[in-house]
Amino acid sequence: MDLRLTQEVADTRERIALGGLFYLAGWLLIAANAPVYVRNPLLGALIAAAFVVLAALRFLRTTPLPVPEKQQRWLDQRWLIVYLTAGLWGAVLGWTLAEASFAPARTAALLCTIAYATAMAHTFSMRRGRALAGIALIYLPALFWLWRDPEQRINATAMTVYLIYVVLALIGSHAEYQRRLGIDSELRLQRDRYEELSRTDGLTGLDNRRHFSHVLDRLCTPGEGEETLSLLLMDIDHFKRINDEYGHAVGDACLVRFAERMRQQFPDADRYLARVGGEEFAVLLPGRDGPRAFRAAEDFRKSLAEDPLTLREGRLRMSVSIGVASLDPARQTGGDGLYRAADGALYRAKSEGRDRVCREPV
């Protein structure tokens with residue numbers, strides 16, 4: 001998902017709604033001060049109807065799916081509405097300035113034009129080029145007709161100067177919008193990073209103890225969790241010797257490689273792998289009963305024994321003790337009960353000589 005594009009869609013959706021009503025109000029103001037419906041009643045009615053339809057289209061509150069292609073198509077459709085409205089106003093303005101009988105409405109029409117161009121520069125600054133095109137549709141008919149009339153040179157000059165201001169305002173507003181988007185994107189990334197850090201172990205990238213406990217409790221909740229669930233608790237045998245003999249840097253590398261081996265052996269349970277202590281790890285296996293979980297644990301133990309971990313310093317042979325427990329609401333209370341059962345099985349595995357898998361008593 002493109003976060004910047006998603007934010008632009010949200011901003012466009014909020015900003016586009018009310019603008020169409022002001023164009024309709026501008027047309028009604030012209031019609032109230034010029035003989036529009038006396039000289040061209042059908043054309044006047046069609047123009048009013050067009051402004052009404054375009055204003056109504058702006059109120060469609062649909063939101064596209066967060067897919068860049070769909071979001072871009074949605075934005076293109078909204079910009080088409082903006083362009084049609086701006087182009088219609090430009091045509092109305094040109095008619096007002098060209099028709100002598102519309103002279104009483106010209107001042108109001110020019111003031112509305114200034115207002116609409118200013119609003120375009122600030123409201124739709126998300127896309128600088130598109131906003132500039134919209135301003136041109138609104139504003140250029142005024143300059144065309146004013147510069148054609150020698151008696152309107154003062155007004156033409158004033159309108160030209162103001163157009164320069166509008167363009168500069170658009171450039172500044174666009175830069176500010178892009179800066180805000182950048183800040184918002186960075187804040188989202190920081191929030192995501194903090195969220196990731198709050199639930200993962202910084203060394204291995206596995207879930208940490210806190211997040212794992214939350215997942216365990218959720219999966220063990222009656223009526224909401226899993227009917228069949230097994231937990232493996234693993235403890236690397238004699239890990240202190242590795243630290244003492246090779247140093248803590250090698251010990252850390254060993255933990256990282258051990259976590260990678262876990263991901264390889266339990267690919268379907270990747271989001272349920274955790275480091276829950278210094279050299280203690282856990283695996284949740286939804287959908288696996290005790291015997292199947294025991295076989296999975298034994299396969300992992302054999303893999304580690306037969307295929308040593310590869311470190312930069314060489315291949316390191318090690319073993320692991322594993323305790324296996326399966327969810328049984330009749331004997332266990334929630335996630336804590338299942339964890340205690342697996343911890344008891346792990347204690348037996350270590351007491352009986354390590355490098356083995358023990359299962360909770362059946």
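Residue positions begin at 1 at the first shown residue.
Backbone N, Cα and C define each Cβ position, glycine as well.
Taken straight from TrEMBL:
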type: DOMAIN; residues: 227-362; note: domain 'GGDEF'
type: TRANSMEM; residues: 16-36; note: transmembrane segment
type: TRANSMEM; residues: 42-60; note: transmembrane segment
type: TRANSMEM; residues: 80-98; note: transmembrane segment
type: TRANSMEM; residues: 104-124; note: transmembrane segment
type: TRANSMEM; residues: 131-148; note: transmembrane segment
type: TRANSMEM; residues: 154-171; note: transmembrane segment
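The helix, strand and coil residue counts that DSSP assigns across the domain 'GGDEF' (227-362) are 67 helix, 34 strand, 35 coil. Contact count against the transmembrane segment (104-124) (Cβ pairs under 8 Å) is highest for 16-36, out of 16-36, 42-60, 80-98, 131-148, 154-171. Pairs of Cβ atoms less than 8 Å apart link the transmembrane segment (42-60) most often to 16-36, out of 16-36, 80-98, 154-171.
Within the same chain, residues 43-44, 47-48, 51-52, 54-59, 78, 81-82, 85, 88-89, 92, 96, 99, 101-105, 108-109, 112, 115-116, 119, 123 sit at least 6 positions outside the transmembrane segment (16-36) and bring their C-beta atoms closer than 8 Å to a C-beta of that stretch. Confidence annotation: the domain 'GGDEF' (227-362) carries a mean pLDDT of 90 in the model.
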